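Contents: one structure, followed by commentary.
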């Protein structure tokens, strides 16, 4: 039995508290310029150092983390919901609907996801909501495939066949019976999707085509740090470290949920 990832969960809670609760107590502005404090290493006054404009890195990481985490959560939720709806539609209605959906999934999967992100974002003005939209529509295909496969299996269950023969409304069958059975897959995919969305946002912002200054995200701060990495290591290390901690912890939590789901399926099979 895989043990609950207490350390990973604790890390995620602490990072959320740091980003969303920290500004309530750490009142230093993330935007104030201080020419006398340019590129200072971490010290007692500036806990995580300053950037090349003398701005407090700790305050910037808090606000940047809010943007990155919001984009990750909203993108993963949107992509998971879209994949859920598309997958259930394919598995429940089957026939022509399934064929059309499979063609759409294969069409999206034909293009490498990151290059598809680059192509879409290049035609739009980057903002939080644009990134959520772009990441969502490039991240639903895996979820849809999983849900489609499970939905096919559920559709073959005797009680589902009886309900359909009894002319029970399709939406009622889907929401009352399909959705609860597919919930574990949804949450596993969502958890994994958050980490992928955060990495996507960070990558796009690092390349200068995602969130742009004066807006902040971990990717933006990481991008700014690369220009002075030889003399100010902390500007690249800390945002990169936060991105690593969040994605690693989410993947670890997703693996745990997957193991628990498989364990439950094995018990049910017995």
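Cβ atoms here come from the backbone N, Cα and C positions, even for glycine.
Just so you know, TrEMBL annotations never went through curation; they're auto-generated.
The model shown is predicted, which means the values in this text are computed figures rather than measured ones.
Among the features that TrEMBL reports, domain 'ABC transmembrane type-1' is placed at 65-254.
Taken from TrEMBL, the feature transmembrane segment covers 69-93 (among others).
Taken from TrEMBL, the feature transmembrane segment applies to 100-121 (among others). Within the same chain, residues 86, 89-90, 130-131, 134-135, 137-139, 141, 144-145, 148, 200, 203-204, 209-210 sit at least 6 positions outside the transmembrane segment (100-121) and bring their C-beta atoms closer than 8 Å to a C-beta of that stretch.
Residues or ranges marked as transmembrane segment in TrEMBL: 127-147 (among others).
The transmembrane segment annotation in TrEMBL covers 181-211 (among others).
The transmembrane segment annotation in TrEMBL covers 231-251 (among others).
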Contact set of the transmembrane segment (69-93) with the rest of its chain, CB cutoff 8 A exclusive, min separation 6+ beyond the ends, reads 15-16, 19, 101-102, 104-105, 128, 131-133, 135-137, 139-155, 170, 173-174, 178-179, 182, 186, 189-191, 193-198, 200-201, 217, 246
